[in-house]
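Some features that Swiss-Prot has for this protein:
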- ASP525, ASP531: Mg(2+) binding site (BINDING)
- 591-650: domain 'KH' (DOMAIN)
- 662-734: domain 'S1 motif' (DOMAIN)
Amino acid sequence: MQFSEGVIDNGRFGTRTIRFETGRLARQAQGSVVAYLDGETMLLSSTSVGKQPKEDCDFFPLTVDVEERSYAAGKIPGSYFRREGRPSTEAILACRLIDRPLRPSFNAGLRNEVQVIVTVLSIAPGEFYEALAINAASASTLVSGLPFSGPIGGVRLALIDGQWVAFPRYEDLSGAVFDLTVAGRVFVNESGKEDIAIMMVEAEATEPAWDLIHSHGAKKPNEEVIEEGIESAKVFIRTLCDIQRDLASKLSLSHTEPDLYPDYSDSVHSFVEGLVKSDLEKVYRGNHDSGYAPNALSASDEIKQKAYDAFHDAVLSGRFDQDSLSQFPHAYKAVLKDVVRTCVLEGFARMDGRGLSDIRPLDAEVQVVPRVHGSAVFQRGETQVLGVTTLNMLKMEQQIDSLAPIVSKRYIHHYNFPPYSTGEVGRVGSPKRREIGHGFLAERALVPVLPSREDFPYAIRQVSEALGSNGSTSMGSVCASTLSLLNAGVPLRAPVAGIAMGLISGRVDGEMRYVTLTDISGSEDALGDMDFKVAGTSDFITALQLDTKLDGIPAHVLSEALAHARSARLAILDVLTRVIDSPDQMSEYAPRVVRVKIPVQKIGELIGPKGKVINSIQDETGAEISIEDDGTVYIGSSQADSSEKAVAMVNSIVNPVEPCVGSQFLGTVVKNMPFGSFISLVPGKDGLLHISEIRKMVDGRHLESVDEVLSVGQKVLVEVSKIDDRGKLCLVAVK
């Protein structure tokens, strides 16, 4: 067994120890590493590779899985079979965090299946394992001998009291303004020195950020602060990469060199380039003075079809073999990519004719779906998102059964991406990893501006339906959700908007140029060097996601991208606030929730034996009631009078009014006797309505039985006429 370890120094916040071991567990896998965080959090990562290339596969078949084991936290699964089932949302999000920096680090053309499995064997209370998992996956891949440009270091940072703290615990986040996860690797720059290439960033303002900023004077997570955080991460990433390299240096690695299958041959590329390059340059260079010109895209489709016909003829004539037909789409895309990038770098227009900082036409509308609690449509160019808000009692908040320290959340954001959004036919069913990731990004963008539980005691479910997609439906979801939440009457602390930025880099006349693009389309995302999504208020950033294909983004380029993103965000916020600038009245179909505080010792009395009391209140009023451990009672109903009636009944139980002579009550008949009826005035207080008084209710006529006038369960207005020495109550009917 070999091991390597290092220390992450957080100054006054203490240290964290990272340790990697190999050669003890999972020895059959091509690469396996056990990663430790402070000795108690333990992950096993294995990297395996298929012996043969996957047939009919034109992409790199990499699979990343995270297996959460309940025993890691000393739990038995709560499912019927007491066994782990499908991955939790948190595990899926961890898979995406690992996959995003790992995938581009393999050699292009690799077609052997590669599977990385990270198993959580042990986790200390209050710890997060995602950042450690990035390092574990990188280390197991590094020692597997596969062609890999790692190692990759991943670190989670929290901005606490102005300091970026690495690998924070859950309790640390209560004082944090921003939560940042960064992955990167060491590379040799043009000057021959080692530097850190940032590959992936995932970030969010925390739930308490608003209060920390506005009530405690904490630093706002604006563009400058985010840049500082990313720079701070580089120090920790270098340390993590050094630990992995030290481990690999202690091993006698047998490097595996699977065959590489390039997407196209040089001869196919040259032939296709000769067919289409000049025509594509005419189309895209011609967009320079044409403004927004989506017709350029259809023109390029015509060029592609003509070129395919010509290439097909060349195959039939024997110039290329039949298998070369599958290379045509990749070769065409490579030529198109080169033309489009060159046009942008040389100062010509983008693919659709826009300027570098232009946003596509915007449109927004609220209250578009009847009966729902809130709804809105947001459109940016061809990207269209429907947002729908549903409100309910807090007892409907999501309970999280995973290894994450977070056990529940009251704001739930779901994102759907049906195949018709891109004009295609496809599978419809449970959400894919991409949909889960997009929904979580939009959720994190909005959580910092949601009202507190005390100010707005509702569980909130937000659904984003991507109705049309051509670039950044996730940021469209943020905008649609802001509108929908306000339409539902949710008092957001501030509106939030999002925008996707892109980057194209390359040499022009020997000089390296970087050009940032605002509001990238789907094609620009595929052909560019960066996908950079930024969401926030007019004041600060609430969520950020960055993926890049470059070996590092210069600081001034990142700063420029953040500045352009802010300008675009403010422009979109202006459109949103023109549509709706304050919360609407809540829908008549939404529940009205009232909060009542009762003494903790009265909780059992309110619930009653086997829930008898609380169930009777719910049955009688139609309201829903939930009770918190601290004595907070939430009462909700879509009808205001039902809530008021339930509140009165709760108060009558926990804060009963002592009956006195002359006080009136709307009582309930609980028992009939030959001499009269017993009426319940308040819980535990009954009085007797004598038969002589009951006769007065029917003008004094003779009664064989009181059942002729009153029945059990009937409501009757009575007044206390006398209280005898034993405390017995005598009642009279009030007409």
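Note that Cβ sites are derived from N, Cα and C of the backbone, with glycine treated the same way.
Annotation for the binding-site residues ASP525, ASP531: lowest Cβ count within 10 Å of the residue's own Cβ, ASP525.
Taken as a whole, the domain 'S1 motif' (662-734) shows an average pLDDT of 86 in this prediction.
Helix, strand and coil residue tallies for the domain 'S1 motif' (662-734), in that order: 9 helix, 37 strand, 27 coil [DSSP].
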